[in-house]
Amino acid sequence: MNVGKVVQVIGTVVDCEFEGQLPEVLNALKIEEPGDPAKGIPELHLTLEVAMHLGENRVRTIAMGSTDGLVRGMKVVDTGAPITVPVGKPVLGRIINVIGEPVDEMGPIQAQDKYPIHISAPEFTEQSPTTQQFETGVKVFDLLVPFVRGGKMGMFGGAGVGKTVIIMEMIHNIAMKHGGVSVFAGVGERTREGNDLYLEMKHSGVLPQVALVYGQMNEPPGVRARIALTALTVAEYFRDQGQDVLIFIDNIFRYTLAGSEVSALLGRMPSAVGYQPTLSTEMGALQERITTTAKGSITSMQAIYVPADDLTDPAVAAVFAHLDGTVVLSRQIAELGIYPAVDPLDSTSRILDPRVVGDEHYQVARGVQSVLQRYKELQDIIAILGIEELSEDDKLTVARARKLQRFLSQPFHVAETFTGTPGKYVKLEDTIKGFKAILDGKYDDLPEQAFYMVGPIEEVEEKAKKMGYTRQV
């Protein structure tokens, strides 16, 4: 057993000295102190991860927990391996932290297998690039931003535009409609939201199909910089068992931010905007592990907080390079009360291509975007001169655009308790049929309010009837 001692503690950085063999970089070290209840000194169980070798038999480590109570001279044991976490079915329905310990007060996790969190991405020859659409049941995604099975989708948005609610709805739809396993990584987000998500999943019955991995805002940077890797390790196990897994990362920006904090603590020279010099390397190491192999697939959805709504921020730009599609959430659309507040003109997907989604889907999607684009161009004229000054064709375009805009909204299952409107899952063929009918002018006579917060197009007619509107045949 390789034993050393603590020689220096600066915040969450701990330097340790070993007389014999030095622990390797990324090895986990353990500090176990019994404490003294009589003196009010609590027990101490802390895991450290070796970050660098300093020379003179010293290593610099990052703490995976609070360093309160650490003193020089404490005994440190080298585990001889990286942090390992439990994987497999026993993890489903549970909340674990960065080192794989349960934090849901439901007893220990009886897992047979434990995997290290630092492993290489699958070899190029093991990967299986697929271009198949993944149905989400959310109209705006399925039509305009089709998800790739085994791909990576990024969700960009400032604070309070609905990123977390969309992720919760996606987990609900995957569990209820696809029977798939999901892994949720809470990276540096609010503990209250993590708790709400857990209770919501318990309430809606999807919890047995989800593994929750939390390293929230109150945790030290070492935890937030590693929690995504822990979640990915859990997901990789299910993929290698032949399953299609969904991993949700909320929020990938906090992963970068934690890396920046750790980098500063380790004394590295910062690069652009104060980020770590290894920004793209760290992002690449994480993203390359999210992939499809011959055995199974990992599809990921990553919420990306955009600081000050600036899409050119280096952290945001580093994520962009890895994505198959981008869902841009817009504050202007949220202000109109249209949720999910997805910007239909800014959001993109690699597979919105007739060779993948088919001609009809492609034509309808592009048709919707062109009508909305024309409406956007006409808004200045409407604001200055009024809608009456437009030509008859443009008036019709504006009326259809407003209906399309409202039809892109949808009631969510996970928001039922707040809105009182039952959630809707809309099949892809129903989505295409509905938007095609609006573009073809079949619903030009119905009021735009009837298109707001409904599921398939049939519900528009029902809603119009309830509003006392009779169709002109």
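Just so it is clear, glycine is given a Cβ too, placed from its N, Cα and C backbone atoms.
Predicted, not measured: the structure shown is a model, and the values here were computed from it.
Features as listed in Swiss-Prot:
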BINDING   Gly157, Gly158, Ala159, Gly160, Val161, Gly162, Lys163, Thr164  ATP binding site
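Mapped onto this structure are the features recorded in Swiss-Prot.
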residue: Gly157; record: ATP binding site; contacts (Cβ under 8 Å, 6+ apart): Lys163, Ala303, Ile304, Tyr305, Val306, Val328, Leu329, Ser330, Arg331, Ala341
residue: Gly158; record: ATP binding site; contacts (Cβ under 8 Å, 6+ apart): Tyr305, Val306, Ala308, Asp309, Leu329, Arg331
residue: Ala159; record: ATP binding site; contacts (Cβ under 8 Å, 6+ apart): Tyr305
residue: Gly160; record: ATP binding site; contacts (Cβ under 8 Å, 6+ apart): Ala334
residue: Val161; record: ATP binding site; contacts (Cβ under 8 Å, 6+ apart): Leu329, Ser330, Arg331, Ala334, Ala341
residue: Gly162; record: ATP binding site; contacts (Cβ under 8 Å, 6+ apart): Leu329, Ala334, Tyr339, Pro340, Ala341
residue: Thr164; record: ATP binding site; contacts (Cβ under 8 Å, 6+ apart): Glu189, Glu193, Leu197, Asp250, Ala303
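Other residues of the chain with a Cβ within 8 Å of the Cβ centroid of Gly157, Gly158, Ala159, Gly160, Val161, Gly162, Lys163, Thr164, the ATP site, are Tyr305, Leu329, Ala334, Ala341.
In the three-state DSSP classification, Gly162 (ATP binding site) falls within coil. Of all the Cβ atoms in the protein chains shown, 25 others lie within 10 Å of the Cβ of Lys163 (ATP binding site).
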